[in-house]
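Take a look at the structure below.
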Amino acid sequence: MGVVFGLLWLFTGLLQGVHGQGVYAPPTVRIVHSGQACNVEEERYSERVYTIKEGETLELQCLVTGHPRPQIRWTKTAGGASDRESSLHNETLRIENINRHQGGRYYCKAENGLGSPAIRSIRVDVYYLDDPVITIHQSVGEAKEQFYFERTVFLRCVANSNPPVHYTWRRGREVLSQGSDSGVEIYEPFFTQGETKILKLKNLRPQDYADYTCFSSVRNVCGIEDKSAHFTLSNRTAPPSIKLLLDDPLVVNPGETITLVCVASGGEPHPSLKWMRPDGQQLPKRSVVKGGTLTIPAVAIDDGGVYSCVGSNNVGNPAKKTTTILVRGLRKGRFWITPDPYHNDDNIQIGREVKISCQVEATPPEELQFSWLKNGRPLRSSERMVITHTDTDVSPGTTNLDIIDLKFTDFGTYTCVASLRNGGTPEISIDVNISSTTVPPELTIPRGRSHLITQEGDTVDLQCLVSGKPKPIILWSRVEESGVAAAAAATALMPDGSIQTESYDGILRISNVTREMSGTYRCQTSQYNGFNVKPREALIQLVVQFPPAVEPVHTEIRQALGRAFSLTCRLLRAHPARLLRYEWKLGTRLLTVGQFSDQRDDTNYHVRALNREGYGEYTCDITNEAGAGRCTFLVTGKAYPPEFYYDTYSALWQNRPRVYGFKLQWTQMEPNAVDRILAYRLGIRQMGQSRWWEQEIPMEGTIQKGELLTYNLTELIKPESYLVRLTPITRYGEGDSTERIITYSAPVNPHLREFQCGFEDEALCLFSQDKNDVFDWTRHSAATRDTKYTPNTGPSSDHTGSKQGFYMYIETSRPRLEGDTARLLSPTFNSKSSPVSNNPTYCFAFYYHMYGKHIGALNIFLRQKGQAVTDTLVWSLTGNQGDRWCQAKVNIHPTTAFQMVIEGVRGSGIEGDIAIDDVTIEEGECKDPPPNNLRSLAPPSSPHIWQHCITLILALIGQQR
């Protein structure tokens, strides 16, 4: 099926300017809500509070003004700066399925570089009610010098909630209250006010054995229903007791399946059982829990530790039993050779003593056993071969073989064998060779390798040569630097992030070396798996060279032809920092070269008068032995982007049923930075379509900074949205473009036959406060209004009788004075008058509430916006009219665009609140005006004033193909 698409659009261009700073203005902020709020307390004496039910959707919108268009950021704190959450750069903050932890203070911050940032906050209060829990506690104590025993039972009801919960106790069907039963006391501990309620049954009686119900309520706020918990108290009610059907500790072999059984041995109601590990550790992932039985298949060494079974039935304190699982295993086998300690010699010599030590970690430690072999044959302790073991309570376990008066026949291979008495895990064998070639270690650095120079990104090997038998493990670490950097270097880690690294071949390889890895490295012999002597060590200095770091790495400079300017490239750091050279280029053309002096850390290039060949990319390369750092400057004559103006008053209008118009306004960013702007290219595209229409807007004269430019777009099709793109043009060519979306919204206009506003929307149906009055009207609902100090004035509901509904009213409490005025301005409406028809008539109607002995006056003005703005009083009422809502209607006859002004005047005292609600404007005469002593004032008719404008019509029609 073919589609015929036609678009007729009319551009009417009007250019108007404001000199100096023009329309540039710092930001302002207002927060409005459009989510599922239970209640919003308006901003009066403290910050606004937004109340919402847990699980609903929070939606807050940050409305900003200011030019250039401010950047918006949402942040949240819940009491302190440390709780700040990640920011959201968007006008709308939306949180679906909100939870209690997401309550707190939300800030909207807007900034555009002018003045101070504008910040507004709103506190979000999340309401919730958890299921209540009843716990039972009993006390048996002696009193009154042992004349009798008193047995007291406490039933405690607890429910987490916001706002504070209200509790009600019921025994069977009987509601319990303080004083209703001498044997019952009900109280709330002062330290948990609103969070718990305790029912005290004194000197327990037979009738106290019954069914108890605790009802928790937040009084249906936010529609949260009441919740309840039940408990049956009997003479069998008792706290839990449990027992474990297993050995403690439980010793098992790796790979076995173990089952831990916990059973309830007492308690009424029957206790629930749960297994846990200390300090919040998780149960093994493979484990299966069924009731009080915990099964761990294929147990591993890491599964060992303490396990606890907890039984609970909400009576008394939970019962807890603990057991320990020991998984058999041997780990970390080590050995060392200790020469004769009575001689100052690290070598092994005939006729002297030598000791071989062997160490192993064992689980369980008491099952650890050692044996010794010499050349594969069992070795027993004797006078010259003394074998000793450490206490089994000491972990890790160690065994020593002392050879007294070493002889040539003692040379050979000695084997230390570690095993567990009951098996279950492989044994560990460690061989140690004692011979004439067994010598302590020596450590050296290869020639020319103690001072290494490398470049960033390379791979470098640090090497220590070690000799000796047995050959020891080499330990690498960083050396603390002395001087100013000592504090920082004291915590320097190895490249892998550890404090110390082991090496078996003496080589430390560092890949992709960075400048932070420069410094001194220590290699030293370990005192295990070798000789137990003073460690041998050596130092290696590592120097990492890196190319110069410069700024700016990349920047754009916009210049007009014929102007002079300078470019500066600054050196931040480099190693080595000597013999630095610089080289300036434009594209591939060399401009100048030179060398840095010790006193300078930057280089400059000057352009006396920019010509067309001077546009392009300038580069400055600063080089050393390790490479080069580059500053890049893009010099261009492109104009900066336009800045759309979003605060246009009544930007959207409609004068025909199917089309609408839009007043597009903008300023030019830094218009004097480049050549004069000759024109703008305006592009427009209907959202969802791919075709652009373009129109060139010529500019006469020089545009000033802050000058507001206007172009009227007409013949836009309802209700479509459009993408508008604006591009400045200079003799250099096209500059940077800016885009914005124009969205249609039905204008508040009597041409739609009717306007209604009940003030339920926080945007107030586009009503606004007069900036020239003394104080403001306040949007409120009876559910949130505080009548503590002024109970005899103001409405108790909106005009429909709803306490949740909103209305506007004036608050006449201090600091208001007699005669103070507050004015509320309606949106601007377009009159339908024409040269061939009479002035149209509209009916302006509203509800008012004027109750209190100090009521002042309520006045209605018709404000017409012709060549001059005129205010005409059309309705007025003074004095107390009783505690009721009344309706007023008045005919108005505007001859041009108009507004309605609602003025409240403060009377002689604080009991003078005036409220309005449900404002309507309809075409035609008022029908059945209410009988009251109002006076209706109609302005005299006057001829319509027509304004002339020049229009440009561009028609583009798409034909069917």
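Just so it is clear, glycine is given a Cβ too, placed from its N, Cα and C backbone atoms.
In TrEMBL, annotation is done automatically, which means it is predicted and not curated.
Summarising the annotation, TrEMBL assigns signal peptide to 1-20. Residues annotated as domain 'Ig-like' in TrEMBL: 27-125, 132-234, 240-324, 339-435, 441-541, 548-636. Sequence annotations record features per position, and here TrEMBL assigns domain 'Fibronectin type-III' to 648-748. Residues or ranges marked as domain 'MAM' by TrEMBL: 755-928.
Listed stretches 132-234, 240-324, 648-748 were compared with the domain 'Ig-like' (548-636); the greatest number of C-beta pairs under 8 angstroms is found for 648-748. Across 240-324, 441-541, 648-748, the stretch most heavily in contact with the domain 'Ig-like' (132-234), judged by Cβ pairs under 8 Å, is 240-324.
Across the domain 'Ig-like' (339-435), DSSP classifies residues as 6 helix, 49 strand, 42 coil. In this chain, the domain 'Ig-like' (339-435) lies close to the domain 'Ig-like' (240-324): three or more C-beta pairs between them fall below 8 angstroms, excluding pairs fewer than 6 positions apart.
Across the domain 'Ig-like' (441-541), DSSP assigns 7 helix, 44 strand, 50 coil.
Residue counts for the domain 'Ig-like' (240-324) under DSSP, helix first, then strand, then coil, are 6 helix, 46 strand, 33 coil.
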